[in-house]
Amino acid sequence: MSDFEVEEEVDYDALSVDELFQNGKSLFREKKYSESAEYFSRALEKKSGEDPSHYSLRDYYLWYADSLLTNEEQSSNIFESSVNEGHDEELPSAQTVLDAANKTQANQSDETLAFDLFQFANECYLNYFKELESKNREPLPEDVLDSSYCLIRIGDMFFSNHQFEESSKEYERAIKLREQYNLPLKHLASVYISLAQSQMFNGKQKLSLETFNKTAELLKKILKEDLKDEERINLENTLEDVTIQAEDLKKLLTESASADGQNAKGSQSNAASLIPKTTSTLDERQLDSNLVKSVVIDINVEDMPEKRRRIDLSNVYE
């Protein structure tokens, strides 16, 4: 009997919310992302009740979003066309184009749902922080990391979709949140790199140069700390990359000024290739996922697969 058939026979209704959630986490760690998403979806269905923005749902949204997004990243090459262009100057068949379009639409549905879920997760974390504040308590660093991780992932989606103004705002929100709760510098550097890249591709070279320079200063401070050899090498390599990028930008600005030219936006064709730098090993995630996450989506897609959307999320932003 295949794994798929075994999965089909699972009696989800007989499992508690915690059992569904823990099973989903176990499957995620086994890299069975589609199966884990099913468990997280059903756990949310049981736990959400009438308040989809309650802070108790924060981890559920986050794991669910990450499983959906990671599954899409693992199941397809999102930076290449899914259409087989044929050989010897032959055009692809109509059926090939239709199949590719259907596949893309299905992928976008899950990717867009993941986008929503990251937003809902962050909303829940912020509600949780407000609850703690009312009791004169501070959130744990890992909760701040997870909340800001949602913003970073949203920023990454905007970035790879060439929506650089929006991605910059999300990275700035993540930085502000991490600075507000005084997280270690190592959790700031990678987000600043993402912000600098986003500003650069948005045509704001001067601002990007300032951000790259600030990132370099952060990295130099981190290098003065007690570090493992591997971590030190990684930081030194990152500092070298940041310094080179800053020098290139400085040269570009100088040449532009001498030619009395205008700042031009960075080449969008290269934007997707920079996404791995937004998930640097400087900033370890809380979801046991070592995979680089990057996705191209249509943020405006509204159609969601019914099998995924079992809970009413329409009131979250009211």
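Every residue gets a Cβ built from N, Cα and C, even glycine.
The feature domain 'Tetratricopeptide SHNi-TPR' is assigned by TrEMBL to 148-181.
Taken from TrEMBL, the feature repeat 'TPR' covers 148-181.
Mean predicted confidence for the coiled coil (213-252): the pLDDT average there is 95. Feature annotation from TrEMBL assigns coiled coil to 213-252.
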> Which residue counts does DSSP give the repeat 'TPR' (148-181) for helix, strand and coil?
Replying inline: 30 helix, 0 strand, 4 coil
